[in-house]
Amino acid sequence: MKNEGKSAQRPDNTAFTQQRLPAWQPILSAGIVIPGFLIIGLAFIGIGIGLFLTSQTIQVQEMDYTGVEKDSPCFRCTIPSNLNCTCEVTFSLSTLFTGPVFFYYGLSNYYQNFRRYGVSKDYNQLTGDTRYFKSRSPEEDCSPYSYDSNNNPIVPCGAIANSIFNDTFELYQIINGTKKQVPLDGRGISWWTDYNIKYRNPSPVNGSLAKAFDGTVKPINWPRPAYELDLTDPNNNGFLNQDFLVWMRRAALPQFRKLYRRITDGDYAAGLPAGNYSLTVHYNYPVLSFDGRKKVVFSNVSWMGGKNNFLGLAYLVVGSLCVVMSVVMLVVYAKFKFSDDDDA
Amino acid sequence: SFTGESGETKSTKVKKHKRRKSKKESKTRTVHANILYDHTKGGDNPNRHYANNKIKTTKYTLLSFLPKNLFEQFHRFANVYFVFIALLNFVPVVNAFQPELALAPVVFILSVTAIKDLWEDYRRHRSDKEINHMDCLVYSRNEKQYVEKYWKELRVGDFIRLRCNEILPADVLLLSSSDPDRLCHIETATLDGETNLKQRQVVRSFIDLDCEFDPFKYNSVIECEKPNNDLNRFRGYIIHRSGRRDGLYKDNLLLRGCTIRNTEEAVGIVIYAGHETKAMLNNNGPRYKRSKLERQMNVDVFWCVVILLVMCLFSAIGHGLWMFQYGDKRPVFDVLSPEGTDLSPVVSAIYLFLTMIIVFQVLIPISLFVSIEIVRICQVYFIHQDMELYDEETDSHLQCRALNITEDLGQMQYIFSDKTGTLTENKMVFRRCTVAGVEYSHDANARRLAMYQEMDSEEEDCTSHGGTLPRRDSVTSHQSGKVVLRSQSTKSHRRTGSRAEAKRASILSKHTAFSSPMEKDITPDPQLMDKVNECSSQMEFMRFHSQPLNQIPPDLCDIFDFFIALTICNTVVVSSPNQPRQKSTLTKLNEEKRPEHDLQHAFSPTPPNFEKTKALAQDECELRYEAESPDEAALVYAARAYKCALVGRLPDQVTVELPHLGKLSFELLHTLGFDSTRKRMSVVVKHPLTEQITVYSKGADSVIMDLIRPATGMSTLMRKRQRKILYKTQNYLNLYAADGLRTLCIAKKVLSKEEYASWLQHHLEAETAIQRREELLFESALRLETNLQLLGATGIEDRLQDGVPETIASLRKAGLQIWVLTGDKQETAINIAYACKLLDPEEEIITLNADSQEACAVLLENSLHYIQAKFLCNPRPDPQAARDYAGLVIDGRTLAYALDKSLEDKFLAVARSCRSVLCCRSTPLQKSMVVKLVRNKLKVMTLAIGDGANDVSMIQVADVGVGISGQEGMQAVMASDFALPRFRYLQKLLLVHGHWCYSRLANMILYFFYKNAMFVALIFWYQFYCGFSGSAMVDQWYLIFFNLMFSAFPQLITGTLDKDMSAETLQELPQLYMNGQNSEEYKPYMFWMNMIDAFYQSLICFFIPYFAYVDSDVDLFTWGTPITTLALFTILLHLGIETKTWVSLYNIIALFFTVALCYNASCPTCFSPSNTYWIMQKLLGDPIFYLLCVVTPIAALLPRYFYRACQGTLFPNPVHMGRQLDKLPVDMRRIFLSQSQMKLGSLGSLFAPRAPFFPLCGPFQKDYRPRVKQTHMSGTKQKEKAIANPIPSKSMEMRDPPLSSKNSDNHITLNFRMQEEVQSCRQGSDSPLSENLHCVKEPSSPISGTLPYTKDTPGSRTILDSTGLEAPLSPTDLCQVELLTSTPLLPQTESMQLMSPPRSCFLGQKLDDEDHSNQKSLLKQAGDVDHTHSTSCLQEHSLKTTFL
């Protein structure tokens, strides 16, 4: 139909059009696979041992203080009517707990990852944008924790903020019967990006943060408004309160711990020396209604984070499997190979 | 060209038009001339309702694009589903993601498709515009002359003037032509692909118009049919003012799209315009088929939906229970409904169900459909681009017309092939002829033809030696068989470039079909040449002396008539190539001296010369014959070789140039064209010498032979001579057929004046009839073609295409069943089948010829028994035996019975157990019925390949239709899914591209299911840890774009480019094709295996991070992001295991990290509810993350990798072996492949050919076939299975040793025990029944009763008599039928019987008995046909079977 010379239709003879592109074609031949498996297996076993040993060096001190059992020190605080209850948990360390020591509180059976719970916050509010204090963009996100019964806007709104963990702890070392308070460092326990980028306090009005919160009410469960979260440190208030930031970062799993404080200062910079300790718990947070548990955890960290034997074990298991497989294949292969030779 | 631009909408448009008009119009269309009406106010113009000539094939307008396109896209269920899910996200109580985000993938998919549609539509629009703005000359009422106008301005009723080489803008009724004969030649190549010129005639009433046509004088009204798409039909009449009516036929209509040739000027009136033209109505857009793979896939998509629902239901119930356990104690993390009310567990479970559907939506692969389409387009592109599928000679390459069934090419099981033009070249070459009972063998001609073959093979030698000149010695050494034929002339060819030169010549003459030198330059037989000369000189003498011509001896007279018939009994148009305008002068009677040189050349018995200059010179002054069919051209060229040259053809006159006599003009009274029912054509002429009215007929021997009757007033001597001629001719016909030649009989009849007058009267009535015209003409032709006198017969060779036998052999090795369905006669077909290795000389042939339904039933029953007995008694597990089983030959008539509902099952049972099936004399309808039957009953994938209009129905019915873009027009191509230039390209198309397409797509689809399931399962496991609340640890962006971006791209790349084996290996080891046939890449269980694997992998990918992070201070997305990353690693590594060639697809990991980092850094406050700000950055600083990334994918992929490794090393399947073979260096590989028995580990047994009963293993379960299971497996397994498998014929095995030892000898004659009288009927089998082996003792066994086997002495033939044990038939019945198992070319004995005549038991019937001597009985005389392979086949006839 078109007359563009004799061979107008001739296809291009290129490697691409003729599907002759060079390509690497790995073939799973026994000669590669068996040694490959063996090498991978051995490497994994090595890594596994390393990880396991590292994990073993990490010290952990865990204490459940929920008070389910009658003889537990915090049992009396579990009665809902008992407000501002304080209880004392004691423990002793036989060796030096090397520092820096991280002080966590842990909750279990607590679903911070519940979907409706998870969406129940307003990021715009939390960046300190006062426009969103009273009228908020995704209205339904925070509800029913948007307004209180008098229809005053709640700031910070939403279920996450409302349910902030509010037990507080004081740690004492008991030296010869006297309590020596262990200084707890609450600075920098949240993510740097949270503190510096994601969260912002509203600009103070006339130098007062409280004024910025005018016209709003505190979340229902909170004892004090956001600008009075930390009475000791005026800079640790509002949305930039470290405990608030830690809480707002939702845990992935129903059993989790969150960083409460670090022990880095003073006499305890090198760690907690062996001895007896007493932990005073201001018991506020109810967990028994959903069968939850509360605990405190002291731990130090290595390069790979907290104590976790699992990863090392996983490497060991996978490595061993690889080795076993290579052996099995070798045996089967040899058998087949020889039987083939017999045939031939 | 614009015929290619089509749109489905257009037909609906026309329908709309029709609907509108139907109120006003009846069954016809009335066309008035437009100039009678004022154009400016068209209100009174009666033509105003007809469509104008503007074409619009676009689907959309600017306004309608969006709604219409969306509407069309929503026809796809998947789109509706995804939109539904996206909309569900807008419902607050159930939403899972940011609603806008959830819309993104759907919008993306929809817009990609929309852009594609828009682009296509724009292209259509552009081409429409181009076409609409072409110029044509239209008569203007105001300017009183023809003025240039655009095509789109043309209206029905306009007069247009057409000039030479112009394309017709609309369907035009020819009113005037500058041609003195009032003819107009058109080329219809764009319409039907036929390159020969066609004549069109001016409407009868305007023929006599001497002066130029004046539109103003035209005042007639045309009544014609409504627009329809039948190119070969046009009926109507023109009513003049005088009231006179003239019929209008298709010969008067010039169709849109054709090109005017050889005619200076023509004028016509537009009848149909625009979308109502026949060309446009014939355009039915691309076809839509659904491939097998896609059907399979849809089932699995359904399963995915089921899995999805189960998962959602599980989650919903889980959530309900979770809520329930808290009862009234509301935990702090529980959130009330927005209204502050407490949700009951049941209600929240219901809400959650919907939420989960959104969260798990990825399980239904949204991008799968789009990806498949993209991959297919790429595949089509690559197939298009394949150099090896490009035919230089015709400058055409493979066309994929159907875009969505590429993968079906890799799954074919049955091939149905046409013969003529598909297996053969459709270059008809005159080989030999018989005139008046004397055979002229044309040995020189045969030598000439052999030479062409020689040239081809030499050419191939040249190329294989890398372009260097072939060393003469080496050529002779390995071509010793052919060296005898080489003559001086061939050497000279090589010197001048042989084939290239020939090719150039054929390209030069490409304009005229069927005129390659091979077809044109016929070397005459010297003996016949002498007779022709003698005859014409005598005639010359007698004419000069005005003596009556009947003085000439009858045989000379017959020779003369024979050549006259060859010359004029056709529709060949004569033209002179380079001076088209000269045509008129040439055809003006005589006086035109043709250059002597030319004639000399034609007569010279020297072989053709390919010297370029000479070829050109010759071309310039030579007449060209434009024939509609290659047979016609071959015959005309043959006649020309005998100096009996056709020099001119007019509608009413044919001019023939004869030696001595000069130019003779025959007054052409009638031409009764060829049709497939009559299978003949005739011309009625007035003989210029005898002044007699003579009918020359030419047709298939089967019909002509029946019409031969001695004329009434004939002497007994003449009668006897006639009978002798008839007898001899039939003998030669059989011989020709046995040689694989196409036979045609030539006959004549002299009509007396009275006879002619009475016939003419009827005929004229028929011609002028408007209703039932075709039928009447048909009847009229039947009346004329009776009592013919046989002149002779011709044998035309239809040469096999290059590489056909090799292609068939390798396709067969690939496990394809090849059936040939041809319209040719049985003997021709069988011989072509032998030539192209379709039938093997060593295999038995079961021939089915039956005259009645009952007979057919009996035949089928018997052959079935025969086959079963044969195979059951020879359970030899020798793969070599597989090649040795029967071929089935069935003729059209029997086929008609066999295709009956009651018999089709039996027919299939017989056919499928034969290695090859040959259906002769089948009509197009039967072809399609056979394909349909096989396709539907056996549930196999069928491919039909053909080149002609008669194959169209078959091509359309088959799963994949392949058209050969050959010489016979474009109909087959238009109907096909793929169009090939040559048959042999089928090999690469199927074995290589089919395999690749199939394995690529199959792997891709499976992988898609896997990766989505794997990803979704991760989230599912998480539900156990988040109270089944539908929250996801994977960020919503990753979740939604995972499918679209990260995992889809590498898959697309591998889906397009992955090669499991190289093209060479695939072609050299056709057995690898079975991989696709058996759907090995994608079996139903594989889906489930993949699902299980996906769930396993997701468990690993979920729980390793889970345990690594449990009871830590990790937050949701810092934990979820590693999981996403791991999953991606795992998925990509999985692809790495599955893919065969690693194209650097790990860019995708880099892409993922880049995207993740950018996304994580982009906006600290957006993307609620899952804010993942700075997470990835933090993770990259965490060693645990890296440690997880190493161990998890490996743990997850360990089982699969182990499985693959074992498979690859210990139990390699053929594909693995092929891949290993691929890795070998080239020369090593060649050594391996050249060994007929491959011993590469267990390779030999792996590639064992399929056992004969393999096709029986399909879903086709009937009692009368042995239930034999066969599987393709490795050597060791094979043996085990053979023992373990409780084959129903276990009892047989015990009796096996004696049997097989007997039967290992050749030819088994199998007689079913029968009644005594039947014995008498059987003839020839009185060889001593040396041993009767009772294969099965129980008469009631499923195999059928007693089967006494006779071991015939070699050389005697075998007959399977036609008695069924269960069917007690009368002897007469039995004799109507028989089934013959033997090699086709039957040994010596005259009594050898191919078929018995109906209603007669007497086999040795005298052939001279007139009324019974139909051609069937005559065929029995083929005893003298000797074939070299007949003996060899008899010697080596062992029946080997294998049961695996």
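Using N, Cα and C of the backbone, Cβ positions are placed for all residues, glycine too.
Source: prediction; values computed, not measured.
According to TrEMBL, the features are:
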type: ACT_SITE; residues: B:ASP418; note: active site, 4-aspartylphosphate intermediate
type: BINDING; residues: B:ASP418, B:THR420, B:ASP947, B:ASP951; note: Mg(2+) binding site
type: BINDING; residues: B:ASP418, B:LYS419, B:THR420, B:GLU632, B:PHE674, B:LYS698, B:ARG742, B:THR822, B:GLY823, B:ASP824, B:ARG921, B:LYS927, B:ASN950, B:ASP951; note: ATP binding site
type: COMPBIAS; residues: B:12-28; note: compositional bias 'Basic residues'
type: COMPBIAS; residues: B:476-490; note: compositional bias 'Polar residues'
type: DOMAIN; residues: B:45-100; note: domain 'P-type ATPase N-terminal'
type: DOMAIN; residues: B:973-1213; note: domain 'P-type ATPase C-terminal'
type: REGION; residues: B:1-28; note: region 'Disordered'
type: REGION; residues: B:455-505; note: region 'Disordered'
type: TRANSMEM; residues: B:77-95; note: transmembrane segment
type: TRANSMEM; residues: B:101-119; note: transmembrane segment
type: TRANSMEM; residues: B:301-326; note: transmembrane segment
type: TRANSMEM; residues: B:346-370; note: transmembrane segment
type: TRANSMEM; residues: B:1005-1025; note: transmembrane segment
type: TRANSMEM; residues: B:1037-1057; note: transmembrane segment
type: TRANSMEM; residues: B:1087-1110; note: transmembrane segment
type: TRANSMEM; residues: B:1116-1137; note: transmembrane segment
type: TRANSMEM; residues: B:1144-1162; note: transmembrane segment
type: TRANSMEM; residues: B:1184-1203; note: transmembrane segment
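The transmembrane segment (B:1005-1025) shares more Cβ pairs under 8 Å with B:346-370 than with any other stretch in the list B:301-326, B:346-370, B:1116-1137, B:1184-1203. Outside the transmembrane segment (B:1116-1137), and at least 6 residues removed from its termini, the chain residues within Cβ reach (under 8 Å) are 1007, 1010-1011, 1014-1015, 1018, 1032-1035, 1038, 1042, 1046-1047, 1050-1051, 1054, 1097-1098, 1100-1102, 1104-1105, 1109, 1145-1146, 1148-1149, 1152, 1156, 1170-1172, 1175-1176, 1178-1179, 1185, 1188-1189, 1192-1193, 1196-1197, 1200-1201, 1204. Max Cα-Cα distance over the annotated ATP binders (B:ASP418, B:LYS419, B:THR420, B:GLU632, B:PHE674, B:LYS698, B:ARG742, B:THR822, B:GLY823, B:ASP824, B:ARG921, B:LYS927, B:ASN950, B:ASP951) is 25 Å. Contact between the transmembrane segment (B:1037-1057) and the transmembrane segment (B:301-326) does not hold: fewer than three of their C-beta pairs are under 8 Å, each pair 6 or more apart in sequence.
Simply put, out of B:77-95, B:1087-1110, B:1184-1203, B:77-95 has the most Cβ pairs sitting under 8 Å from the transmembrane segment (B:346-370).
Same-chain residues lying 6+ beyond the ends of the transmembrane segment (B:1184-1203) with a Cβ under 8 Å from its Cβ atoms: 1093, 1096-1097, 1100-1101, 1104-1105, 1108, 1122, 1125-1126, 1129-1130, 1133-1134, 1137.
Same-chain residues at least 6 positions away in sequence with a Cβ under 8 Å from that of the residue listed as 'active site, 4-aspartylphosphate intermediate' are, in sequence order, B:VAL820, B:LEU821, B:THR822, B:LYS927, B:ILE945, B:GLY946, B:ASP947, B:GLY948, B:ASN950, B:ASP951, B:MET954. If you draw a 10 Å sphere around the CB of B:ASN950 (ATP binding site), it holds 23 other CB atoms from the protein chains shown. In sequence order, B:SER702, B:THR822, B:GLY823, B:ASP824, B:LYS825, B:GLN826, B:ASP891, B:GLY892, B:ARG893 are the residues near B:ARG921 (ATP binding site), counting only same-chain partners six or more apart with C-beta under 8 A. Between the alpha carbons (Cα) of B:ARG742 (ATP binding site) and B:THR420 (Mg(2+) binding site) lies a span of roughly 10 Å. Cα of B:PHE674 (ATP binding site) to Cα of B:THR420 (Mg(2+) binding site): a distance of 17 Å. Of all Cβ atoms in the protein chains displayed, 23 besides its own lie within 10 Å of the Cβ of B:GLY823 (ATP binding site). DSSP assigns B:ASP947 (Mg(2+) binding site) to coil, not to a helix or a strand. B:ASP947 (Mg(2+) binding site) has a Cβ environment of 32 other Cβ atoms inside 10 Å. DSSP assigns B:GLY823 (ATP binding site) to coil in the three-state reduction, placing it in neither a helix nor a strand. With a 10 A radius on its CB, B:THR420 (Mg(2+) binding site) counts 26 other CB atoms from all the protein chains.
Residues in the domain 'P-type ATPase N-terminal' (B:45-100) partition by DSSP class (helix H, G, I; strand E, B; coil) as 27 helix, 0 strand, 29 coil.
By a simple count of nearby Cβ atoms, those within 10 Å, the most crowded of the binding-site residues B:PHE674, B:ARG742 is B:ARG742. Within the model, the domain 'P-type ATPase C-terminal' (B:973-1213) shows a mean pLDDT value of 83, rounded to a whole number.
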